[in-house]
Structure formats: structure tokens, C-alpha cells
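Residues annotated as Zn(2+) binding site in TrEMBL: 114, 117.
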Ligand SMILES: [Zn+2]
């Protein structure tokens, strides 16, 4: 049977009696040893990316669930969180970076674009024009042009690394890593490493 509105809200941390935000944050940070946020494409062919990046950065992925004495899953041993978005473009990931830092603490952010990506199959002008014709809606000012598609793999990774670095919601201490992943052979090519400030 479906749960009621109250049943569902009984599982919301901020609605608990005596809720203490500072305490809840500290508990969250203990439940997952997060080091690295990986931003990559929602294309199913790109699903090997977390594995490849974790190997390169020495992360634990996929890790294992951690259970308490009662068998409830209360944590994980993985040190990776994934943000899976169209083209692996960083614009869609900025809010997630802020939340990951707030709850768990982040050391590395990896932005990864991949070969044969659908984001290289159209242009910014093309998607704006098609949206106007097919949906009758003008999205020309909705998204920055340079984040709409990919026209040059190195330039797009460099752009996204700069976007992450300059975002107010990115902690200054994080290292930003840029890669291109070859979906034919699983090879990861490093484009850049931008070390954070202590
Ligand atoms: Zn893609």
C-alpha cells in the first residue's frame, strides 16, 4: 500500500522533533567518506566513466553498503558521488557540487566528456532553432550557448573546469580534473588538473 503524506514526511530529517542541522551534517559526513564528485554524460555507453576516474584518482567505487546492527543501510564505503547529465556539462552540476560539499565535504571534482557524444551531434544554433519550430518556444536566452552542446572536446572540458572553478558554490580547496573518455576502449585521457588552494 502506498504511504501517506505523514508516513513520507516522517522520513525527512528536518521535520524530526529536536532536529539539529549541525548535528545532522556531522552525521552525514561520517556515513560516507566522499572525496570525489564525477560529472559525466547520461549516455548509457558512458557508464564506465566512474570506474575509470576512480582508478585514476585512487577512489573507492562502487564500494559497499554499510549496515547497522539492525540491518538498516546507514552508509557506504564509496568515496565517489556521480552527477549524470547531458554531455557531462558542468553547468548542470554546480548546485550538486555545493550540496555535496555542505553535507559530505569534497576534495576532487572530475568533469568528463566522452567520444561519440550526442552533444557533438547538434549545434547551439540548431537546438534553439528546432525548439522554436517544434515546441513554439524561444530558448535562445535560457541556457548559455557554450554549455548547450560540445563542438571541441578539449575546449569544452577546459570551459567546464573554468566554470566549476569560478562558481561561488565551489569550495576553493577542491582540485578540478578534466578528462575525455573513449567509449570504444575505456581509455581516459587527462586534459587538465587545476589544484585547489589550501
Ligand atoms: Zn554523451
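In case you wondered, yes, glycine gets a Cβ from its N, Cα and C as well.
Residue 117 (Zn(2+) binding site) carries neither a helix nor a strand DSSP state and counts as coil. Counting only same-chain residues at least 6 apart in sequence, those with a Cβ under 8 Å from the Cβ of residue 117 (Zn(2+) binding site) are 41, 43, 46, 87, 88, 150. If you take the C-beta of residue 114 (Zn(2+) binding site) and look for same-chain residues 6 or more apart in sequence within under 8 angstroms, you find 40, 41, 43, 45, 46, 49, 88, 180, 181, 182, 183.
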